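As recorded in TrEMBL:
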- 32-288: domain 'NADP-dependent oxidoreductase' (DOMAIN)
- 70: active site, proton donor (ACT_SITE)
- 95: site 'Lowers pKa of active site Tyr' (SITE)
- 128: substrate binding site (BINDING)
């Protein structure tokens, strides 16, 4: 396991704390969290995954995102083991499938997640994507869970601007705390309208796949000459650069990135990315090779 001295750990923790964002209720959370997609799929990796999550918590990456869908509960089991005894230090996030969007099914899905996670509440609970259940009923279910103390906040995932407008038109829809969507240097469509829309309403974006973990675009990004040159200038890896880019305006835009790291060495790299501040010149160079769209495009989803 990768070793850091206590002084090195404190330096990283301080850097992570400097990049926190504030939710509407005043809660501060790190701009870099820990994703868990595919954790638990391979039993031979379980120990490393648990060690990685615990190390991340120690370094200040206290936001952990999981879902009932991930490994059909296996990821939540891994997270539950990782946070045992340190639950109070974690901002715990999970998601319900859209097929569980009714008030009754949402309550049962939440109970199942809580059991696997070994906790009595979630800090944030998402509807994983929009499904066939009327959103009004899902909101009612989320509000009931909040009233019961099973969840402290709720949000949505993979909602585009029109979906968010419709959501906020519904009773209690404005209580949505966060929208989680795909966002990285090679997928910038949300910058056209969704990100500004949420920024104007002080509603953070949680970016999944900030390192382009899904699909073939990751190789193109990390091998790009500009990405490699800017990375070298900061003495970081291209993946650290992608993460630093994603949270470059975390406080003003309210962007939280949740990269997965199943190895302790990768967790350390992710945490250290909090210290990287890209200059305006560097951002413009990256804009030239990976520009945002000049018009609205469909929301990218994986």
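Yeah, the Cβs are placed from backbone N, Cα and C, and that goes for glycine too.
Annotated features taken from TrEMBL, shown on the structure.
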residue	record	Cβ neighbours (10 Å)
70	active site, proton donor	25
95	site 'Lowers pKa of active site Tyr'	26
128	substrate binding site	21
**Report entry** residue 95 (site 'Lowers pKa of active site Tyr') versus residue 128 (substrate binding site) - Cα distance in angstrom
**Finding:** 5
Report summary line: Here the Cα-Cα span from residue 95 (site 'Lowers pKa of active site Tyr') to residue 70 (active site, proton donor), rounded to a whole number of angstrom, reaches 9
Query - Helix, strand or coil at residue 95 (site 'Lowers pKa of active site Tyr') [DSSP, three-state] - result: strand
Requested in this report: Specify the secondary structure state of the residue listed as 'substrate binding site' as given by DSSP, simplified to three classes.
Outcome: coil
